[in-house]
Structures are given as C-alpha cells and as structure tokens.
Amino acid sequence: MSKSDHFLVINGKNCCVFRDENIAKVLPPVLGLEFVFGLLGNGLALWIFCFHLKSWKSSRIFLFNLAVADFLLIICLPFLTDNYVHNWDWRFGGIPCRVMLFMLAMNRQGSIIFLTVVAVDRYFRVVHPHHFLNKISNRTAAIISCFLWGLTIGLTVHLLYTNMMTKNGEAYLCSSFSICYNFRWHDAMFLLEFFLPLAIILFCSGRIIWSLRQRQMDRHAKIKRAINFIMVVAIVFIICFLPSVAVRIRIFWLLYKYNVRNCDIYSSVDLAFFTTLSFTYMNSMLDPVVYYFSSPSFPNFFSTCINRCLRKKTLGEPDNNRSTSVELTGDPSTTRSIPGALMADPSEPGSPPYLASTSR
C-alpha cells in the first residue's frame, strides 16, 4: 500500500489516517457497555448528591464535581460510538464534531483533576488531620472547583475554535488524535494529564498507607481492607490510562524516527491507540465506586433503601415519613462501610475514633 492510501493533510499538517474495520467491530460494544454502566452509576450519584444530601462538606463538593465531569464525558460516548460504527465517517457536521471532541477532552481532564483533588483531600484528612486545608468552607471548596473547571476549559478550548473535521475520500474524519508530524498542545496535555496526577495519586496513597502503618493501624483487618481499596483506586487509574499513553509515546517515537514517509508502519499502533483510548472512559464508569467508599452518604443511602424494601416485603408496613436525606447526614447509629471509614472526613459522624483523635 502506498503512502497516498493513508496520507492526508489536516489543517496544513501531513498526517497518516486509517479506517480500520476492526475498530468498527470491537470498540462499539465496549463503548456501549461503558455508556450504560457509566450513565447508571454517575446518574445515580448525581441524583443522590442533588436530592438526598442534606448537608454539604468540602470533600462532598469535590466528589460532586467529579461526578459531573464523569457524567458529561459518558453522555458523549454514543456520538463517538456512531463515528466508529460508520468506520470514521462523521455524520453530524463540523460544529458538533468540535463540541464532541472538546467535551471528551475537557471532561476526561476534569475527571482526572477532581479524582486527584479527592486523593489530596483524603491525604490531608488522614496524614495531617489538623491542617487548615481540612477546615476550608464550602464556599472556598466551590471557588476551588470553579477555578479547576476554568483551568480545564482553558486547556482544552482550542478544540472549539479549530477545524477538526476533514474530508477523507467519501467520508468525513472527526478526530483529535490523528498521526501527524508535529507535537501539538493537545498531545502535550494528553501526556501531562496522566503523569502529573499519577505522581500525586501515588504519593498521597503511599503516604496514607505509610502513616497508618506507622500508627500500627494496618494490623486491623478492617483497615487492611481499606488500604487495599486505596491501592485499587491507584491501580485502576494506571490500568485505564497507562496503555493509551504508552502507545501514544510509541507513536511520537516513530514520528521522530520515520516522519510520515511511510504510513504503513503506523497501522498497528493506530489501532492499538484507539483501542486503549477506549479504556480511559472506563475510569469514568468505575468512579461511582470511589463515591461509594469515599463518603458515608452513599452506603447509608443504599442501606436505608434496602432496609425499607425488606421491611415492606416482610412486614407489609407502609413507608414511614422519615426522610432518606436525614440518613445521609451521617446518623451515628448507622453502620458504615469500613473502607469508607478510612476515606471519609474524620469529622463526620460515624467516622471511627482512631482517625478523628489522631494528632500527629
């Protein structure tokens, strides 16, 4: 196959573009599952945040913004799936193409940023329980969240004013990750948004685990399970994002070495990149697990709902008037998830005394 078979000029840059039929066969089912489970999980999380939380704390504000970012990313997946199903033939026009790519990039980056903020918040609450950052007001947390959203939009807004749709034979290509002989801002952000948060998450997770072991808390079986959860969060982040980043770096190396003189050498890495890129959306699908274990509100809510259903079934009693939202304020009589006890704000009712009383 000659260079011209896959060669395409995009915005004045020489690029290699592929329309691999394997993408149309493999990725739509994967994205479909991510969409369904991600929509259910994040939609339920937002519903609980909006209608069943009676009190707000800074940590919950950060979790809420994480849920918003994940939800906005997930709702873009049907359009991306349609693009893959039609073998890289975008059918919705130039402006929708820009909006979709912007939403995917902005909310992927926003999701990573707020997941990192949650990790930092847990770090200060467990390792430095008396630090002034643990006492920031809801207003300050909201201002920080607005600043982070502004930063995220500023780093990805170029996708809105750049023409992202290119005629490719009989099809219209809509992609922000074509293989072009130039290192773009978008590529730099794709790498930075992984390595910097990864370093922060690993540092925070490691310090939390080390701090608990120094206090000899890790001998407790329940704390061991909580520590395992912290490690799982970091591992899932790596599994979701590292493969696509590694393949992208490989593409940069090939471009540095061979330019785009022969597009055939990029065929396999192009397929590998878009396959692994679909794994990054899995992180947004799995983030509701973080919400569940990071706040007593979620396990309390589900426990209350299950207890009500069981009570109705077994006793046939009418539902009482006690509001579910009261349960979410942290009723001390409610048994919480043990991993949540470690990850939650020590000042919340229901948090274990060995976290709240630590003064080191």
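Keep in mind that glycine also has a Cβ here, set from the backbone N, Cα and C atoms.
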Recorded disulfide counterpart of Cys97 (Swiss-Prot; options Cys15, Cys16, Cys174): Cys174
Candidate annotated in Swiss-Prot as phosphoserine, out of Ser325, Ser337, Ser347: Ser325
Ser59 vs Phe252, same side of the membrane according to Swiss-Prot: no
Positions on the same chain near the transmembrane segment (141-161), where near means CB under 8 A and six or more residues out: 58, 61-62, 65, 98-99, 101-102, 105-106, 109-110, 113-114, 117, 176, 185-186, 189
Long-range environment of the transmembrane segment (271-291) - Cβ separation under 8 angstroms, sequence gap at least 6: 18, 20, 22-23, 26-27, 30-31, 34, 37-38, 41-42, 44-45, 63, 66-67, 69-70, 73-74, 77, 107-108, 111-112, 115, 118, 177, 233, 236-237, 239-241, 243-244, 246-248, 251, 298
Tally of DSSP helical, extended and coil residues in the topological domain 'Cytoplasmic' (120-140): 15 helix, 0 strand, 6 coil
